[in-house]
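Right, one structure below, let's go through it.
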Amino acid sequence: MNRVPGDAENAHSSSVESCPSLRDVPSINPVQLMARIESYEGREKKGISDVRRTFCLFVTFDLLFITLLWIIELNVKGGIETTLEKEVLHYDYSSSYFDIFLLAVFRFKVLILAYAMCRLRHWWAIAFTTAVTSAFLLAKVIISQLFSQGAFGYVLPIISFILAWIETWFLDFKVLPQEAEEENRFLIAQDASERAALLHPGVLSDGQFYSPPESVAGSDEDSEEKQDSEKPVV
């Protein structure tokens, strides 16, 4: 008769030991996870990341800087109107700097369209503009007579070439890897928040905690002894 309560207690203790305790669950801070997710969503709502915005600013600087150098070159040669008419209306590949200015405009339009408006996440656009710039400048330096025209024959092609390759380096080693890393962090944080919601669905109130009514371990024995005592003694 005493084996029934003992077996019940052993079964209860084994079931309690088999259940995972809350201490075994890794601690997850839902507040921090939600803050990370909201910050990433806020950046997505802005439409463009900070590092991509910096890249677009540098592309704009490329265009403005080449334009400034070209205007200075026009003034040095004897006035903007006269030299502008000579380089634009009477364009000569071997002596004009107007094509280097158009090359900067070409880079600006393609890169802003691809990485600011279309938000492209690939390197093919910057590779195309850098390849065209490099090939054109190398051909112009070899074929034309820019070196015989003073310092600007060196400055404009070299600076245009360097700026194009800086843009390529910045996009390939800064913009794309950093955006990919931020996206991976967002996916990890989102997955962790979903697991945290499953592990901790909500804070239980005091009314939800209850204890089942205590059962008397020897209730079966007491009832049998009572029945035996009520039987008449023969």
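Cβ coordinates are placed from backbone N, Cα and C, and glycine is handled just like the others.
Automated prediction, rather than curation, is the source of TrEMBL annotations.
Sequence annotations record features per position, and here TrEMBL assigns region 'Disordered' to 1-23 (among others).
Annotation comment: TrEMBL describes 48-219 as domain 'MENTAL'.
Taken from TrEMBL, the feature transmembrane segment covers 55-76 (among others).
Annotated transmembrane segment per TrEMBL: 96-116 (among others), in sequence order.
Residues or ranges marked as transmembrane segment in TrEMBL: 123-145 (among others).
Feature annotation from TrEMBL assigns transmembrane segment to 151-171 (among others). Counting same-chain residues at least six beyond the ends of the transmembrane segment (151-171), those with a Cβ under 8 angstroms from any Cβ of the stretch are 54-55, 58-59, 62, 65-66, 69-70, 72-73, 76, 97, 100, 103-104, 107, 111, 115, 123, 126-127, 129-130, 133-134, 137, 140-141, 145.
Residues annotated as region 'Disordered' in TrEMBL: 204-234 (among others).
Residues belonging to the domain 'MENTAL' (48-219) score a mean pLDDT of 85 in the model.
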